[in-house]
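Here is what TrEMBL records for this protein:
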type     : residues : note
COMPBIAS : 153-200  : compositional bias 'Low complexity'
COMPBIAS : 338-369  : compositional bias 'Low complexity'
DOMAIN   : 49-155   : domain 'CBM2'
DOMAIN   : 202-327  : domain 'CBM6'
REGION   : 153-206  : region 'Disordered'
REGION   : 337-378  : region 'Disordered'
Amino acid sequence: MKNVFNTQKTKRHCNYAYKTKAAKPFSQKALVQKCAAAVLSVGLLGAVGNAYAISCSATADTWGGGYVLNVTVTNDTNNAISNWALALNYDQAAAITNSWNASVSANGNVVNATNIGWNGNLAAGQSTSFGLQGTYTGNFSLPVCVGQGQSSSSSSSTSSSSSSSSSSSSSSSSSSSSSSSSSSSSSSSSSSTSSTGGSSELTIQEDNSGFCGVDGSIDSNNSGFTGSGFANTDNATGKSVDWSVSVPYSGNYLLEWRYANGSGNNRAGAIEVNGNARGNQSFPTTGAWTSWTTASANVSLDAGTNLISLVASTGEGLGNIDSLTIIGNDIQTGACDSTGSSSSSSSSSSSTSSSSSSSSSSTSSSSSGAPMLPQAGNPINGKFGKYKSWQKGSLSADKQFADILLSHQYTNGGFPKNQAYDSMGSGGNSAGTIDNDATTTELLFLADVYQRTGETKYRDGARKALDFLLDMQYSSGGWPQYYPVRSGYYEHVTFNDDAMARVLIVLDKAKQGVAPLNGDLLTSNQRARLSSAVNKGVDYILKSQWRQNGTLTVWCAQHGKDDYLPKKARAYELESLSGSESVLVVAFLMSQPQTPEIKTAVKAAINWFRSPNTYLAGYTYDSSRKGDGNSPIIAKSGSKMWYRFYDLNTNRGFFSDRDSRKVYDILDISTERKDGYRWGGDYGSGIISYAESVGY
């Protein structure tokens, strides 16, 4: 992304102030800068006539050679805006190592930031915030911040020359904002949420609402804590500290724990949100139980209530936890007895009426104006973090494994499938693939190692892999199995084994800047391509959904790249409706803004899974039952089984063999194919459960 501001033609009026962040574990002063920009000539956001000056303020906490910058964007005008962008001009090279709640790119001394969808819509007077983490040399100075917003009625062309300014009102706004910023941050034990739904920093102490408990005790025998004490877990694996917060938007938030670890060993914990794994957090030794510091992580939260658990993964338990601070947009404490994000709805989340899905109380608006569903329980959540199963337990071991990955990466950026990665490879010019989790998993692992080391070879490998995914997309929006494209069934758009859905999940997370696909990992050109790639993918999914007598159903495992029709793959993979692959396709659609088209497609697919004509009630699939005459389909009270393949027109489940015969008794195919392929499972259970939780 180019520096979208011509600073030679920009007038600004800035105030500077200092404030002390009293509850931080260091006693540096944090600078505050407020700058309202009157932009006279800007090539920004494709604005033609509806561009407006906005104000932005920044506060920084520094320690050693590192800093955290929190930036607040405020729409000071009388007009609503639907997206915004700003530039931060540093007095030295901007060494950004992490970011959250904005799409960020760095070019020399300039950092450009734009909204990430949900935080682009700002009413007059409303604010939002994002953050950066980085390193510096010498003395740290706040960057000069200039910004502009665009109304939803603006054209998408690339012309410029728009002006609006009032230096006197900018000055007034600046002064009052600096004053309020100073007072609101005087205590970290309270939220600084604005009345207009703006940015907030919420710190939860053990005696505050939002603190839900500790497997251990609340102690006060070590000095230096804030609040009334600190949470001291029992010394055992699996012991946890729990909090509850409510947020209006799904997205990344910064979680910061203040802790002390006086033992001689580093301690660690798993981060869970609503029972789902969201990462790991290390707590290095601080040398004494009276020496306090912070550890932080970017964590994806769901719209609504989030039960956050920090679960000890070492036998010594966690460090002593003094407080949890959450930085993001309009955060509030949540109810500790909640079961997840859907509880934020003012109406019953268990209702399955057709009207409940459109309730504004259980959804949040995206930049397109379409609502977003709460994401707790969405089956896509378990797909994004698969790369973590490759982690070896130490950074040095992960670097060695990442080096092996790089040695196997093809020149086109793709990776092979089913590679053991137990020794160094030789790369080559072969066709890369997205089959069997290939390329997407390697990309995420390399990105994660880059975020933890800053070594650019891992960033560059991840960038090559992302370019591979973007380049292999057909103009119709689908993805083939291999690229460069191989002839035969490989050229079909591939839902099989969740290939295309997994690519879209990764690209969508990259578009949102979800870790580890955040910070300066991606180039500005890549970020510019992401929205189009995801939108085209969604369009292909909608066009390829199969209709039976005019009624939308689900998808085949392969479809034609141009005609969108179901296609045959291997001899025993006939044209059909898939009870397996359709699950992640519809789950991905449920992670997108629920436009009328997407909502119609999702509800039709869910209805198909719910239909008694598509599942076997009272049966389960047991793949361990192998050998002649042993059927894996066995009776089990209360269970439901969906077939892998269904007839396109009758919804009758079937099986097939290497001679492409279609049969309806699994014992009519060879033992080799019966035992060597999965023909059924409880595929629909998870997506139906999630659909019910959001009123679908």
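Just so you know, glycine gets a Cβ as well, placed from its N, Cα and C.
Secondary structure of the domain 'CBM6' (202-327) per DSSP, as helix, strand and coil residue counts: 0 helix, 74 strand, 52 coil. Each residue in the domain 'CBM2' (49-155) gets a DSSP state, and the totals come to 0 helix, 63 strand, 44 coil. The average pLDDT computed for the domain 'CBM6' (202-327) is 89.
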